[in-house]
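Going by TrEMBL, these are the annotated features:
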type: COMPBIAS; residues: 400-409; note: compositional bias 'Basic residues'
type: COMPBIAS; residues: 413-425; note: compositional bias 'Polar residues'
type: COMPBIAS; residues: 434-456; note: compositional bias 'Polar residues'
type: COMPBIAS; residues: 463-472; note: compositional bias 'Basic residues'
type: DOMAIN; residues: 11-39; note: domain 'DEAD-box RNA helicase Q'
type: DOMAIN; residues: 42-216; note: domain 'Helicase ATP-binding'
type: DOMAIN; residues: 242-390; note: domain 'Helicase C-terminal'
type: REGION; residues: 379-478; note: region 'Disordered'
type: MOTIF; residues: 11-39; note: motif 'Q motif'
Amino acid sequence: MSDIIDTNTEITFDDLALAEPIARAVKEKGYTKPSPIQAKAIPVVLQGGDLLASAQTGTGKTAAFTLPVLQQLLDKPRASGNRCKALVLTPTRELAAQILENAEMYSKHTKIRSTVVFGGVKINPQMQKLRSGTEVLVATPGRLLDLHSQNAIKFDELDILVLDEADRMLDMGFIHDIKRVLKILPKQRQNLLFSATFSDEIRELAHGLLDNPAEVSVAKENTTNTQIEHKLHPVDKSAKTRLLSHLTRTENWEQALVFSRTKHGANKLVRLLEKDGIKAAAIHGNKSQNQRTKALADFKDGKITLLIATDIAARGIDIHQLPQVVNFDLPNVPADYVHRIGRTGRAGMTGHAISLVSADEIDQLQDIERLIQKHIDREEVKGFKPQNPLPESRKILPLKNKKPKKPKKPKEQSQANSGNANSRSGGHRKPGSGSKSGKPAQNKSAHSGKPASTSPYGEAKKPQIKVRRSQRQKAAEA
């Protein structure tokens, strides 16, 4: 991979030389200066190169790929029936809908068409939309594969592939669907991979997918926005709902995004809050798409005060000027704390991350404090002093810098299998399209004579991508 690009350069959108109709749409939104991820990703994408980008929620990463992708499509012929020019894969319906909204907003002065497809709704209307073709297709992996199996979408005209929130797709167990999608895409294409972190699994996925990509990281992994004020209230588990109601009223919250660890807990919390006269709604995987869309719309319109969400369902929620995020339950995965609170403190405004923490959550709290390298200020609320006190946090140990694992080298090939015939002939790689330049394709083991095991990307066997779909992941949506 190429060197990490410096992200400190101060530039404006005018410096990015966006096409007039796209630049006009950006200006109409009131944007004049790109975020760091936009400033560095957009030129790379416009040059046609592959990209590996790390960006947290709230950094403007959606526009970082949407704007240059739209610009490249301006000069291309329109997509034929049942075909697309650019494919954006996302893990959730909410994120897919948000990306579609961005694509339509920035392309409103052009003739570029954008379409979104995801599960949880009837497939026939989506098939109808695809009949005339679309330049930009935003999709969740499962529904995309369903549509392809019914010949509703073909990829022989595809030029650009975007994997957004790739880390979350791995966490949710989509790796097998992703591999199936990659196998049906054309060899010649531009690949863009966006992830909140550069974990070993992400680097392994990138190694098989991207061709000498530029690498952009706009912030240290798992760091939190300095504009966010962290606070926790020690409280007994049984008193959490009463404390949430109390804070909503006494702090005069107009809006707050509240995180529950489980779907059942989210539903129960909504019922109790509504009994207490507080308008609330839940958004999670068991809700229909119409219910989720309505809850989110009502929240944005100010019709409800508290939106209760699980971690997975909240991916893709994009609300500007959200004043506070509340952790009703601490997440089991420390990095999810960073993802959660990244939805507040945007656009230079101060945000508030409030956690209601009971004694049995001390382990999760200490893991989070070690990840963000600071103790969270504790503040007892009068009338809610816990009978089971929250233990003091341990001293914070420094994080160890993990070096990315190097892919295993393929076994030595026999001279017959290492000739030029097996070398890469140029263009972007596709699963099954051979090895990287200068490396022989692995067909048979020189010692055993048996076919050597290969990865889904058509290269010599690499370390397996471990899908972090453990009990805590299953519990996240239980």
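Just so you know, glycine gets a Cβ as well, placed from its N, Cα and C.
Automatic prediction, not curation, is the source of TrEMBL annotations.
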Long-range Cβ neighbours of the motif 'Q motif' (11-39) (under 8 Å; 6 or more residues past either end): 46, 53, 55, 59-61, 63-64, 67, 70-71, 74, 105-110, 216, 218-219
Model confidence over the domain 'Helicase C-terminal' (242-390) (mean pLDDT, whole number): 89
Counts of helix, strand and coil residues, the domain 'DEAD-box RNA helicase Q' (11-39), according to DSSP: 17 helix, 0 strand, 12 coil
DSSP residue counts for the domain 'Helicase C-terminal' (242-390), split into helix, strand and coil: 60 helix, 25 strand, 64 coil
